[in-house]
Amino acid sequence: MCPKGSSVKGSLLLLLLMSSRFLFKAVESLPICPSGAVNCQVSLSDLFDRAVMLSHYIHSPSSEMFNEFDERYAQGRGFITKAINSCHTSSLSTPEDKEQAQQIRHEDLLNLVLRVLRSWSEPLYHLVTEVRSMQEAPDTILLKAMEIEEQNKRLLEGMEKIVGQVHPGDRENEVYSVWSGLPSLQMADEDTRLFAFYNLLHCLRRDSHKIDNYLKLLKCRLIHDSNC
């Protein structure tokens with residue numbers, strides 16, 4: 001391995017990481033309880049502001065990552081026809097559009113958001129691990145996967161705080177959809193492995209878009225009394 005080439009690649013990854021951190025600086029600046037704080041109170045409005053910004057931040061790079069992977073690895077392979085309705089979260093009954101979401105009680109929609117976010121904790125962890133092992137995987141894809149995993153954790157934490165304020169005392173069972181796709185990400189057969197990545201990124205883009213829409217609807221209902 002060429003030390004100079006490795007140094008350049010490392011510098012590029014560091015630059016991309018710094019750029020990504022800068023882009024989500026606005027989210028970091030919103031009020032949130034510091035680690036270990038006792039009796040820290042953050043308003044429901046501030047919590048929703050942060051959650052909506054995080055969900056948008058997650059959806060945007062999710063779309064970019066899918067598009068980049070599609071262009072680099074999936075052209076001419078017919079993956080899109082196989083990816084339809086094959087997401088691990090399909091077992092969760094999620095509204096497909098705004099009109100359907102408006103028919104759901106806010107309690108149920110809040111819990112649904114929690115379930116979808118929890119369903120992505122494990123696959124996002126393994127996505128980062130497996131992208132690292134891909135030969136010639138672009139640094140941009142790895143960086144986006146790392147950031148999305150981190151922000152999904154933050155969003156889940158924020159949603160738990162929101163549910164705690166909207167329905168204090170209620171504890172929703174940690175229900176989520178189990179992901180069993182790791183063996184496919186590690187397959188020796190290239191087509192099988194690439195489709196597993198493609199499908200996971202396709203589902204991530206889909207679900208992050210849904211979460212983004214659900215949170216905007218919930219914020220409108222609970223913060224602005226549906227006057228938006």
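The backbone N, Cα and C atoms fix where each Cβ goes, glycine too.
Per Swiss-Prot, CYS87 makes its disulfide bond with CYS203 among CYS2, CYS203, CYS220. Annotation in Swiss-Prot places CYS220 in a disulphide bond whose other cysteine, of CYS40, CYS228, is CYS228.
When the disulfide-bonded residues CYS203, CYS220, CYS228 are compared by the number of other C-beta atoms lying within 10 angstroms of their own C-beta, CYS228 comes out lowest.
Among the recorded positions listed here, namely SER55, CYS87, CYS203, CYS220, CYS228, CYS203 has its C-alpha nearest to that of SER63 (phosphoserine). Put simply, SER55 (phosphoserine) is 19 Å from CYS228 (disulfide bond) when counted between their Cα atoms.
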